[in-house]
Every structure is written in structure tokens, then in C-alpha cells.
């Protein structure tokens, strides 16, 4: 096989071990793979995937391949590739992979286009870069695309904006909308893995620190809750009064970033928006402040503005860049402002990706079956898929639950019994 | 004024003080009342309310009256009336009230019918007993009803079942669906007040106790989180795999009630369903177990079955009934299985009812304006009402939040910027 | 029996039921009582007790009586007496009790002296008022006193000061020093019961409130942890850098009261010191602030200073006094600044008092046996008593633990095995 | 300089950056270093240190050198050395270091002896291996030793056993006994860093996992609290009824290891004892169980027993060894059972080591001044040192606290004011 671009195929063996390790924590995907092997529902389907190239993703890709799909994979972020996993997919599974950790933006887009050269029937996206490039630069490929799937909040926002503009040319399933995705992945996955990333990068004690979380969506509340669980004093910033009020009721301090910037020790953005930490925030931060991002794109922190304010910068630890300002203060940016859980840690643990990727696999199967009947818009994962995934997951964890009795079902459907 | 039925009008002065005390914690409703006084949007509208007669409800009723409405009030639960508040509404505000704490079921329905005798244009319900009686026994009144509002999950379930049967004869706004209602009232209100009720009834230490929460809806998760916050070891039971999985990920043990029944010290049901704690559960409970309910109706615990199992029963403290079983075990039922936060405590604190009742007031205003154009089904509170309530609440709490910059708004609406 | 002073002996039946209810949660004391009944170790010993007259205390008093002691009981706080319990002790157990809830200071000291008229061999104190009065006014009784026991931190501090002055005339066992007392009673008991008292008095939602805890001793950390568990945003004030640092690392904000006073919604002092909330703090508090105390004496809040600042005051709910200040602000004092968990709630739950009072009973037995050999100072509860109580408690809760193997014991005593 | 044994001096530059990074979080040690530079209190004193060779330790060593000491350093654990830090100490500070990550036991003891060849006046130990070797094999050096310091609980237990045997030949200060050490290092440091180690080794999600903590001492409660903070369902095992009871009241499940072994997903021992997880526990564990240790020595897990039960073993990820058992189950041991926070993570964060090492520096200074007057036993850190460290730390964190007023001091020392 020659059609790939990875760092070093000699890393394959280590990658295999990590893929197998992750597999142990992915019982839902395992069940799906077993059925796919029997039923081959994706036989002959060309899939181009643009996802973080991690051990968990490898298990998804292998599941699709076992279902009969002809898959290629490119990275959805220049910093998030696990090179040994990429090597194993190429060497052991003959999956073409285009992804090298730390690649520059030019290479990133070259890889994206290589994945599109595969002439996909279905796209699988994480941030909508693949779909966006397809619509901007490779419109010749559009006719044969049946549909796509999209992993993230950020990507879904972009796709909905495209659909609203009438610009989206095929249906996309918003995997992120599945409850078994965003309830678990965004909240529990992002919560733990973001702190994991920050701690690996800095080795700082969170207890006693003022930790500022920008955004109280599903990711933000996971992060806030886990930071508090590690002893930090958490401040939340928001633009929407509803989640802001929830944050207050959950016991957090809520204030504008302008104020939080003055007192925070560690900052992390999870908003999906840009310049959430901006020039005027850097201007008032304490000496030594740590600033990071766990939102999809590296636009949430205005690093160019900080760059312009700095007299010098230096890498003081891997993934920790110190910006020395004219007034003597030093501000630290983690992982170049890219999502810190992938930059300095290993991304979401396998057990959450299990459910996200079960949604990807089943969503993709659904798209293959039904895509031609669907409109050019963003669809949610069908509820029965979602609930089935939750059921299998509980079973795999050895957790039993109650079942409604006939009497209870009848009661819930009646309206005549009262006080 | 003679048209009312309350316990003792001499209690009015104490009721007034409690109504005023609650008012201090209800800044959103205060703003609405000030506008209603100026605009009189409910002038001439007859309203029949069936709500828990508490200090907070009194502030809602006064708000409607200040808006021009002609209101009567009946209790939505035989045990939840605060007699001094009822007295104050009658004596100081000339609102006809039909409610006596501890009234029997016959009186309860007599009061309900007295409220219907008012020939309402709008109904205001908490559990749908008013609407249900109207549809079953007082159909002559239906033609002049514009619409209604409904406060609870339980009521909304009943009304949706009616609408699905084609039986609902007017539109109803589901106040419970407002985020500023169920996010806050169900979760924070029920969480604290249920434990308050249990502690007042029993004076037991929660730390170190095994506390079983049946149901992990909004109420259940509020209760589970607060019980853990007081040091209990919490077990959750569920019938739906999705919330069950969330409970597991939130760190709780999840198991069937059959198993939980054997190890629990204190039980509380918040499911909206019947016989969630049933005969076969009582059979395996530990000696001394405490069983309570915080769901709307007193059907969640199968008390008749327990009664049949008992050789004797006695009231060992106010709101604590001990059932002595043949095998020597004693099981305690709190507040006759009625919602314990109203039976032995004072219901939701004013600051959460502030938002629920702001939704009631604005929902009712909306219904008066738009009811004739609406279909005979259950409507959600319009989103702009919901968001506005959150905004006022934050303001009143002195919490400022960020505002999107133009650049950020633009970014959120675009789809062309990527990695 | 005529030698007593209580509110109303007709309350006795209700008191009995509450005493029995508490007894169910006091398995350690039950075991001691059973042994006392057999062994009668206190036969002929006159005991004067000055304790909060609650259902739990009644079980202690009955235990001592079953051990052969001749006991009289007076209240250790004018507001903390449960009148029905006092009535039951008198009517059903023939224990002379001198205590009426709400008694004035003159009566309080008259009652104290009535208890001293009993010519005690052993004193049993809660705050050291009995011992202090004995040393100041009743020195004629000193010769026959063998020793005493003291329940609280506050009392122990006073007694240690007396011993340091050479003023203490007999040995006292500091029950409070027992780990099974202060680890559990101060932390878990005070934590829950203080919030219970505040919530019963105010019916306020704690979620989202800024809750200021003055003092981070065992009581303070129990209170801070439970307030956070109910959703409050907790601020801690301290004078000692060590606990202050712990509070920071536990995730709380720590600041001087001067600053906290400006932003707190609810305040509670648990310091054992006076004027912790003082005139200059009231001057900067927000309108509507709630101020309470859960420390032993009502000196922690400078109420006389507030009184002098107020233009009027009024009782707005039971246990809630509103002080209207000249500048229009209103400040609320709960329970006249007396310990709020006893003023408006029922004090510590039985299951914590079980261990405290097991220490009292066993400490008193120890004093009777060994008092004459002891010096005139404050002694800790012997460690074997402490550990035995923990063992019985776990057993009673159905919790089994591991036992060291011989190999492990040997290892722990050796120093030669290393890396 | 030639007298050292490290991995690679070319790693020095990276080490320097990490030492400087840690220094930013060590303000207390910084203040001490500044004074030491002025006063040179350790001039001419030979110090042999046996500590984990980390960036934080490097800052301690530099502080002692700045105080005039002539220091050599050896590792206190074969797996805990940071090779780049060792290189920097040698290259930039001319400190002889004997430590290579992953060295075998023979090399470990060779290094220990090399450090003793320095003929120390003062020993500085972490686990008492240096003192123990000195007493067993190098007794010729004993006469010139003034005294020592010891960092850990484990070491202090060994030294107390030696002192009890009359075997200890010089005084040792138990740094671990300082409140600013064990309250913070054991609880907050071990809590976070142990989970950090487990997550780095496994990349597993803790939410929803059953996490078994063996031992509820200061380390155990830190670990239990943080594991709960990350969403795990925590079980505690203990041998002492007092901490076992506290664990129950803190809301954890407590049970014998025999039972916990059957249901745990992840285990971590922090007991200071041996074979806490033993053959009969492995026999009942679930397939896939993860077993780790964060106690000082690698004896807490009986790995030889597991080895004997296994048909094969393999390294499935760095620091994760899979043991395949005859019955098909697989059990994973992390970091060979050595303290996982040092094996797979970076040990305690700098901000906790700041206080531990401030105690080391001041304890060592105290020993140099007073050692000759002390007896041959284990001493605590003087309380004024402890409190001063807390004061400086708060100051450095920007946290102000209250000061007792004269009136308050007087009150606390009096015993005559009562109710």
C-alpha cells in the first residue's frame, strides 16, 4: 500500500497495543462490529473520514471496514494525531491515513484533499472542514455524495448555517445531537480530558486555584464540575442568561470575562466562538496566568493579539509557551490554543468515544440506507438508535435497571386518575 | 366577603408576614406586578387557580389581581395548604380561597368545584385536577374557557394524554416546559425542599445513610445531588436507560428497586408513576426503613399494600407513621406518601417559585391575548418569555454576564472559517 | 415528684414518642445502657447535668439512671429546651428537670442553681456554665465533687483557661476531645443541623446564595461542606493561617470578614469567639442579609451594636428578626443570635449524639472510678473508649472492615524491610 | 565535576526549564532561599539527601546549597527520577547526583552508598532507606551524623519502630508530621497526582467506574475525594474503625477488601502496609481490573502472588502490565506496583512540595542548630515553623485573613463570661 502519509510506520506495533487497549473500553462499538461483520451493510461504500486520529477512532474505522466500507482517514486537527495509531491503521489494517502530528496548515489541507480524492459516498467530519472544503473547492465531487455525518457542536453550527444559506448540497447527520454523544462525550469526556491535558502540560495543583471556565454549555459544565471536583474555585463566564443562571445555582461564581480575567489563575475556553479571551483581557491578567482552550478551533483565544503585546516568547515546558509582556508580566498559552485535551493528553477516553462512535457507525449505516430520501439539511440521530446505545452500554457495565409494569404503562397513558 | 372556605381568618396576620417575606425573594414577579399595575392586561378576566396555597402562590395571585384579573383559588393538594396564607388572601386581598390543610378528599373536590363555579376564562392548574374535573363533570363551563396553564410535569403528562385522545377542549400552556421553570424549580427547588421535608419529619442525619432516589428526571437529579451534598450514599433507580446511564456517570449506584429495597435506609420517589415502591419491595426492606414521596401524587408508594401487611400502625412523630409488620420489622411512611416537601416543610423556596410563577403570570397573559388563535393542545412557554425571565433574575441577583461582540455574532453565523 | 420546673407536664406523651424515635438511632448508647442495667456502675452517684434538653439527652439521662445514678438536669441554653422531652423525663422517668424553652437569663441561672442544689458528685456540662457557677458562687459544694465532664469546644477552652489559672478545683473529662465526638458531632451534626435551622427559619433556597462561614474549625468545615453540598457559593473567614489555607485548598474563597460582609447573602458564625460579626461589618452588608450563629454562646454576633444602629425591629417570621437601619437597609438576625440548630431546629440528629453521649456515659463512669486519683485539670477521653465506640457504631450500621493479618502487624512494627 | 551517576547530561537544558517552572509555584521556598543566601546558616554542613529526584526537589537542593550546605543527592525510588532534572543539577549547579530512572535494585543501593560516602552531618530521607542502610551497613559513619529529616509517613513509622527498639543512633525530624506537610502534600498532592498517574497510564474515564481506595489516612481521603470529584463511585477499605466510620459519614461505601475486590474497576492502595491486595483478592476480581499503588513501597500489592497465578504477562501500554490468568481473566498492574504518581506522572505538583520542602529546609536548619542537644528519637517539626509556612503561603497566594482583636484575645483567655 503506498497511498498514505504518516510519520513513521515503525511506530505501528505501539499503535496496535493502544488500539487494543481502547477496544476493551468500547463494548458498544464491539457489538456493532460483530453485527457489521455478519451483515456487511456498508459493502462497497467509499467513506472519507476527517477525525482526530486516535486509538478510539481506529476502532471506529475498523468497524466500518468490517462492515464492508472502503475508508480513508485524515486528521481533523494538526495537533491531535497519534502517530503510532496512524501507523498501525496503515500497516495492520491497510487503511490509507493522511495525518502527522504537528503538521502545518498547508499539509493539513493537502491531507484533507487527499482524503477527498477518494471520491467519497459518505463524509465523516469533526468540525466540518471536510464538508466545507468539498463545497468550496471540490464541487465536482458533490454529485456522488449520498450524505455525511458530523461529530461536533462546532461542526453542526457551521452546517446549520450552511443549510440556512441554502448552501448545503447533501444531508448530514448531527452525531453530536445524539444524547448518548453530547451528554457523555461533551460533559464527562471533555471534563476529565481537558483537566488531564492541563495537568500534563503544567503539572500544577488545581486545589486552591481560581479556575475560569468560559462557556457553560455541555462541555463547560463538565469542565466546571470536574475542576471543582479537583478542589479549584471555579468561575464561569457566559453570554446566555439561561446557562449563566444555572451556573449560579450550581454554586459557581458568574461574571464577565473582564472581571474574571483579573483574578483567574487558570483559564479554559469551551464556547465555540472566537476571541473569547481577547487583548483587553490579557491586559489585566495576573502574572503567571495559564490560558488554554478546549473548544474545537484555536480561535477562542486571541493569540495574535497576545503575540503583538509580547516582547518575547519561549517554550518553558512541552505545550507551555510563555509570553513575556512589556510590563514584566508573563502569560502562558497551552498547546498553542488548540484543544488541550488532544494537544497534551490523549483526547476523550475510550469509554465515552464508544458511544459517540457507535452513533457515528449507526448514523453512517442509516445514511447509506436512507440518504437518498433525505433533504439537504442537518438531521438528528434517530431516537431509537440513541436509546439502544444507552441500553447496550448499561448492559456492558453490568448495570440493571427497572422495567415499567403493565399497570405503570397504563397509568402513564391515562389522564383520568387524579388526587 | 363570604364566598370562601378556610381554616381560620384570625391567622391572617401571620400569613401576611410570610407573604411579605417570600416577596423579598421574588424580584422577577415583582417587576411583572409593577408592569401589570400600570397596564392592567388581565382586566375583566376570570381566573380559577388550583395551586398549592403557599406564601409564594399568594404573591402570584396578588400579581394577577393587580393585572386586573378576578381570581379564585383552591388547593391542588389536601395537605399542602398554609392556612395562615389562605386567611391573609381572604382578609387582606379579598381573594376567595377554598383550602384547608388536611381536608379530606370529599372536601378537596368540593373546593375544586367551588373554584369552577367562578366560571373561569382561564384555568391555572398544578397537576391537572381542575382541567380534568372540568372535562369530566363540568362540561357546561367549557365554552367560555379561553385556555389554561399547567405547572407540573405530572399535569403536562396528563394533558398531553388528553390531547392525544382528542379529549382536550382548550389550549394549555405547559409552564413546566419553560426552562426557567423545570431547570430551577424541579432541580434546585425539589432537591432542597424534599430533604428539608424529610429532615423536619425525622430529624435524621443523612451523612452515612443509604438514600434511594426513584427516578432520575429533573427532580430526581436535584434530589440525588443534594442528598449526596449532605453526605448520603445515594442509589438511583430508573426505567429509562438514558437517565440511568447519566446517573452512573454522575457517580451514583444504579440498580433495580428490588435490590435497592434491601439496602436503603431512606427512600424517596420522584417518578410521576404509580406503585414504584410496591408490596414486594416492602417485603425485603430493612427494619426501620423510611419511605417518602416527592412526586406529585400519593400513588408512587403502594401504601394500601403496606397497610395490608401491617399488624398495627402508629404516628411516632408528626408526619411519621410506623407500620409494624408481622415479622417484627417496622417501616416508616412520611406524610402519608404525599409530597413531603409540602407535607412537612414549606414547599419550594420563594426564589425558585419566583421564576415558575413569572412563567405562570406571563403565560396567562399570553393565553389571554392569543388563546383564541391557538389549537386545543399543549403549548410550551414562548422562548422569549423564558429567556427574559432568566435575564431579570440574574440582574436581580446582581450577576452580570458577557455580551456577544459583533465580530462574535458574525462568526457564529458563518461557516467558511475553519481550521 | 415536685422538685422540677418545666413548661407543661401534659406534653409528656409527645416527648416520650420523640425520645423513643431518637433511641432507634442510638445503638451505641443502647449497648451501654444494657450493660449499665446489669452492672449498675453509678449506683449512688449524684449527677447534675447542664445540657441541651433534647430527645437525645433524655436517652443519655435514662442511661445514667439505669446505671444507678441519681440525676438532675438543667438546660445549657435558654432557647434549646424541648418542652415535651422535659415533661416526659419528669413524668415517665422521675428525673428532676429545670428547663423551659425561652426562659429569661434570671430563670436560666435560677435553674442552674437548682441543679447545683442536688450536691453533685459529678457535673456534666455543655459550655461550662455549671462548673463556672460552682466555682464562682457555690464553692461550698466543691469538696464533694469528684469530677466533671464537658461536652463542647467552648467549654473546654474555658476549663483549660481555668486550669491554666490554677482555678479549677476538680478534674474534668473533655468529651469534646474524643474523636468519636468532635469528628462526628461538630462536623456532620453541626453541618446538617445548622443548615436545617437556617432553612426552617427562613425557607430560603441556598443554591446560588453567597454563604459566609466564620471559622474553619471542625464545625466550620462541616458547615461549609454541607452549604456547598446544597449549592451555595461558600466564603470562609478565619484568624488562623493553617485552617485558612486548608479552606483555600478545599476550594473555598477565604477573605477577611470586612470584605465578606459586603458580598454575603447569609452569614453563620462558628468560632467560639465574640463579636466576629461586628458593627463595622453590619455597616457594609447588603440589604436583606441574613445573619446567624451556630457557635455555643450568643456573643459571636454583636447584636447590641446592631440594635443601636436600627431605627426599628420586628419579628417577620418565627426566629427571624428584621432590623431596619437608618439608610433603608434591613438586616435579619436568626434566633436572637443563639445557636440556630437548637433555636429553630431540633439540634444534632440522634445518630451523632449517640457517639457524643456514649462518650459522656463512659467518661462519667471513668470519672467515678478514677476521679479521686486524677489531677485538677482537663483530661481527654481515654483512647480505648473512643475506638470502642467507633467499633460498635460501625457494627450497628452493618459495616464490616478489614483486620490486620499477622504478617501485616509484623511488617508495621519492623523497620528493616525497605525498597 | 566527575562524582555523579546520571542518565545523560545532555538532558540538562530541559531539566533547567522544568526546575524554573516548578520554582514559580514555590514561593515559600523562594523566601527561605533568599534568607539562606544572606545568612548562610548551613555553611560547611555536609548533607546526603535521598529523595525523589524531581524538579521540586531540585529547588530544595538549590536552597540548601544557597544556605551553604555541601549536598549530594540519590533517588529514594528506582522509578521516580526525572533524568533531565538530575542532569541539570549536575551541569548547572554542580550537585553530585546518583539517580537513573529505571535503575535496578543493585544500582539503587550502590547509589545510596555513594551518597553515604559523602560522610553526611545531616541525612535527608524519604522512606528511611538512607538511615536504615546507615544503621545496618555503614555504622562507621554514625559518629559524625548530627541528625536527619524524614519526609514520609512510611519512613516515620520505620524510624519510630527503630527508636522504640533503642536502635536509632541520632535524632530525626519527622517532616511528615508538620501540618503544612501532611495536610497538604498527602491530601491534596497525593489526591490529584495519583489520579493523574492512573489516567496517564490508562487514559480511562473515571466517571461511572467503581474505584476502590485501600486506606483512609490523609492520602486515602485525598484520593477518595478527588476520585469522587471526577465522577467515580468510590469504595473505601480500612482496618481502623475510626477512619472507617469517617469514610462512611463522608458518603463512601466501606467494606472489606474481600468484597470490594469483586466489584471494583480500579484499585489503589495507600496504606503503608504490605499485601493489602493479596492472592485471594486477585482470585475474585473482575476481568480487566486495574490495580495500582500510591503508598511509599511497592509491597502493598502482592505482585509475586499474581505472577504465580498468571499464564503470561505483557506490557499493553507504558506502565500497564497485563497478567493473563488461567481462567481467562486479565488483571492490569500499573507501574509495577510502585507509587503511580511518580511512576507514570510527575509526582506532587510544585505548590504542595513548596510547603513540604520548606519544612525540610527549616527542619534541617533547626537540626543543624539544635541536633546536638536532642535525644535519639523522632521529633516533630516545631509548631512555629509550621504556622509560619502557612502564613507565607497564604500571603503568596494573595489571600488575606482576619486578625484577632484585643477584645477577642481577652475573651478566649477568660473563663468567667458565660450564657
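Residue positions begin at 1 at the first shown residue.
Each residue, glycine too, has its Cβ placed from N, Cα and C.
According to TrEMBL, the features are:
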| type | residues | note |
| --- | --- | --- |
| BINDING | B:54, B:126, B:151, B:181, B:185 | substrate binding site |
| BINDING | B:152-154, B:186, B:215-222, B:238, B:294-296, B:341, B:348 | NAD(+) binding site |
| DOMAIN | B:186-347 | domain 'S-adenosyl-L-homocysteine hydrolase NAD binding' |
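Spacing of residue B:152 (NAD(+) binding site) relative to residue B:185 (substrate binding site) is 10 Å (Cα to Cα, whole number). Sequence-distant contacts of residue B:185 (substrate binding site), defined by Cβ-Cβ distance under 8 angstroms and a gap of at least six in the same chain, are B:348, B:352, B:353, B:355, B:356. Residues from the set of binding-site residues B:152, B:181, B:185, B:217, B:238, B:296 situated with their C-beta under 8 Å of a chain A C-beta: B:238. Spatially close to residue B:238 (NAD(+) binding site) yet at least six residues away along the chain are B:215, B:216, B:244, B:247, B:254, judged by Cβ distances under 8 angstroms.
Note: residue B:181 (substrate binding site) has non-local neighbours B:151, B:175, B:355, B:356, B:359, B:381, i.e. same-chain residues 6+ apart with C-beta under 8 A of its own C-beta. The record gives B:54, B:126, B:151, B:181, B:185 for substrate. Within 8 Å of the mean position of their Cβ atoms, the other Cβ atoms in that chain belong to B:51, B:52, B:152, B:175, B:176, B:348, B:353, B:356, B:357, B:360. The record assigns B:54, B:126, B:151, B:181, B:185 to the substrate site; their largest pairwise CA distance measures 17 Å. Spatially, by CA atoms, the binding-site residues B:186, B:217, B:220, B:296 include one closest to residue B:126 (substrate binding site), and that is B:296. A 10 Å cutoff on Cβ-Cβ distances gives residue B:152 (NAD(+) binding site) a total of 26 other Cβ atoms nearby, all chains included. The two recorded residues, residue B:220 (NAD(+) binding site) and residue B:54 (substrate binding site), show a Cα separation of 23 Å. Across the structure, residue B:296 (NAD(+) binding site) and residue B:54 (substrate binding site) are spaced 16 Å apart at their Cα atoms. Residue with the densest Cβ environment among the binding-site residues B:126, B:151: B:151, by other Cβ atoms within 10 Å. Taking the C-alpha positions, the distance from residue B:217 (NAD(+) binding site) to residue B:54 (substrate binding site) comes to 25 Å.
The binding-site residues examined here are B:54, B:217, B:220, B:296; by Cβ neighbour count within 10 Å, the least packed of them is B:217.
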